[in-house]
Amino acid sequence: MGVIQAIDRLMTNPIPDGQVDDILRPQGESPLLQKGYVTTSVDALLNWARTGSMWPMTFGLACCAVEMMHAGAARLDLDRYGIVFRPSPRQSDVMIVAGTLVNKMAPALRKVYDQMPDPKWVISMGSCANGGGYYHYSYSVVRGCDRIVPVDVYVPGCPPTAEALVYGILQLQKKIWRTKTIAG
């Protein structure tokens, strides 16, 4: 037998005699898929990647934005959690709404939220963003940004401390870790 025939024999896939006993078993029933092992592993991998690389887009409307900037400074350093502030909604997956949301700003908030790619999350920071705050009874104030966009985490306070925002971000990471994207 020549060299070419030997290489050709090695490179050709063998023909199976019967049903292939593969891990997924396309012809038969798969015990792994029935119990959800494969999809939960993929969910865990995706959620691990999402919690380690959250990119928030800041939507600072009032004094709470100063505390949000303080959270990104050297003392608390959000970079060690994998959090990098992004200026564009198309590059971010978390929106932090900080401050008083007025009626004229509500359509802009919704437009920015709609421009974010899925999956996306929202953190409402401060009493004004949570429920109107001090200006709750004003005719021009939206009584909570949850009337405009779905909110995942509420950070209370007027203004909330930077540590409270970091705690809210950690709570959002726990929430992301518990979500089931594929096996759901």
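Positions of Cβ are set from backbone N, Cα and C atoms, glycine also.
Annotation source Swiss-Prot lists [4Fe-4S] cluster binding site at Cys63, Cys64, Cys128, Cys158. In the three-state DSSP scheme, Cys64 ([4Fe-4S] cluster binding site) is classed as helix.
Residue with the densest Cβ environment among the binding-site residues Cys63, Cys128, Cys158: Cys128, by other Cβ atoms within 10 Å.
Apart from Cys63, Cys64, Cys128, Cys158, the [4Fe-4S] cluster site neighbourhood in this chain, defined by C-beta within 8 angstroms of the site C-beta centre, holds Ala62, Ala98, Gly99, Thr100, Met125, Gly126, Ser127, Ala129, Gly133, Gly157, Pro159, Pro160. Cβ contacts within 10 Å of Cys64 ([4Fe-4S] cluster binding site), excluding its own Cβ and spanning all protein chains shown: 27.
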